[in-house]
Every structure is written in C-alpha cells, then in structure tokens.
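A.B. asks: Can you read through this structure? Questions will come right after.
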Amino acid sequence: MQAIWKGAISFGMVTIPIKVFSATEEKDISFRQVHVADGGRIKYKRVCSVDGEEVPYSDIGKGYEMPDGRMIVLDSDDFADLPLSSKKVIDVLEFVPADQVDPLYLGKSYYLAADGGPGAKPYVLLRDALDGSELYALVKVALRSRESLGLLRTVDDVLVLQVMLWPDEIRDKSFAAPPEDVEIRSQEKAMASSYIDTLRGEFDPEQYHDDYREALEKVVQAKAEGVPLPESEDEETEGAEVVDLVAALRASVEAAKARRAGGGAGESEPAKKVPAKKAVAKKAPAKKAAVAKKAPAKKAAKKATKKSA
C-alpha cells in the first residue's frame, strides 16, 4: 500500500519516524457524464473568463476572491512559506480521557506505521503506553495543505491517527432542538427504553451491508449483459400518522423480538398497527349514537346518505 505522507511523531524528547496510510476507502459506484444518444463522454474546456481563451493546466493557479470582488492570486511559494509548526510532524499536545471526545469532532482515519527499523521500538513504546490507559493523545498535524487537530489511539496493535474538526467548523445545534414544552409520559418512556433494550447488541458492523450499492451493481451488470433488470425487493412501509406512541412502541418491541428470534419483522409489524387504527375508528360510532339521541332526523339522513354511496 502506498503511503500518503511521511513524517514523525513528536512524543516529548522522543521522535518516532512514521508512514501514514489511509485507513478507509470509498466503495461508491462512480459514473461518467455521457451523451445519452451515443454514450460519448462529456468533456469540458478550461476557459479564462477574461480573454475567453482555453488555459492549460500549467497556467492554472489558486486565487482568493476578496469581499470587494478583487482576486488575489497565490502561487506555490506563498503556500511553502506558511508558518506551520506541525509540518511533517505529528506533535503530541496532551493526553485526554477517551470518554470526553465528542464523535462529532472526528474525521478521516489513518493508519500509522513505523518507518524503518529504528522507529519500531519507540512506536511500540507509545502504542503500549496508550493501550489500556483509556486516554487519547491530542495532536496537531498538517495533512493535505491544512493544519488539523487529531487523536492518536490504538486499534489492536496499530496506532491510528483520527483527524478532527476545529471547534469553529462545528455548526450550532440549537436550531434542531424540539420545543421545550413537549411532554413525554412515563409509559411512553418505559416502552422506548424497552425497545432499546430489546435491540441491544455488540457492535459488529460486518453483519450489515449496503443494500443500495448491491442493487445498483446488479442493475449495471444487467444492462451490460443485456438482460432484464432485477425486480425491486423493497418492502412497502406504511406512511400513516402515529396515533398512539405506546401502541406503536409496543408493536416495535414485539417485532424486534420476533426478528431476534428469527421471525419476520415485516409480518409482525403491520399486524400490531391495525388494532391501533381500529381503536381510533371505534370512537366514531359512539359519537353517532350520542348525536342520534338528540337529533333522530339527522341519523336517518346519514343512513340514507350511506346507502346512496
């Protein structure tokens, strides 16, 4: 695997030479823009907005547009002279409790490998010191032309760099909070807790897969082979309004139990939702009876209307 970056971890007076490798890879299916009529790929020309001429890559640079519309052109020398103290160095700032780190700050992950024989011993020293300490090393590092905070942690026998967002990159969340006057009954909370307990399990992402990507791959394969497209296996879901939270949660708990026991969740759920709807519908006859006692003529009129319908 090709290293994307080489540098060192600065750990007190100890320097650990390392190589950085991307820990993740995209699996999304990518598409090309094409001309629908003949499948030809669409190409774009790089044209200057001032003189209208096509511009080669060698003449393309970076520009920053000022609020007043002026364009400030920057070249490679401008970026090379930036005062990045963490350039080519993962600088350990402090060690923080792992349970204090909000996952909202976490970004891309990288595997760190010792670069050469001399780096192996200090690498293992830092790894073993972190392992089991319930602490993360908070670091500062410059990757891909930007400086970031990061965390060093252990995954099995490997050190992992978890790049973080800066605090000012996290948006304010207050807009998403529900109204403060929303009240939850104790029975509703108990049923919600029961549903959570029913679905409690060990973290094992290997048991899940990307249904959309797999279905899309089948569509592409079918088109390539000139065979009929595979039929959709999507299950129909009801879009009805939630009438009774407790009834809905109780049905969810029973469906989850059936699914865990090997039963079909798709069969259990609708069966429990129907009675909840019928219970609401039963209120209507009671209202009609009350009205009938006060106004018999209206009751007769309603019956006549139903017959004609």
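In case you wondered, yes, glycine gets a Cβ from its N, Cα and C as well.
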A.B. asks: Which stretch, out of 148-201, 202-255, 256-309, is listed as region 'Disordered' by TrEMBL?
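C.D. replies: When 148-201, 202-255, 256-309 are checked in TrEMBL, region 'Disordered' belongs to 256-309.
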A.B. asks: Which residue counts does DSSP give the domain 'Ku' (52-181) for helix, strand and coil?
C.D. replies: 34 helix, 53 strand, 43 coil
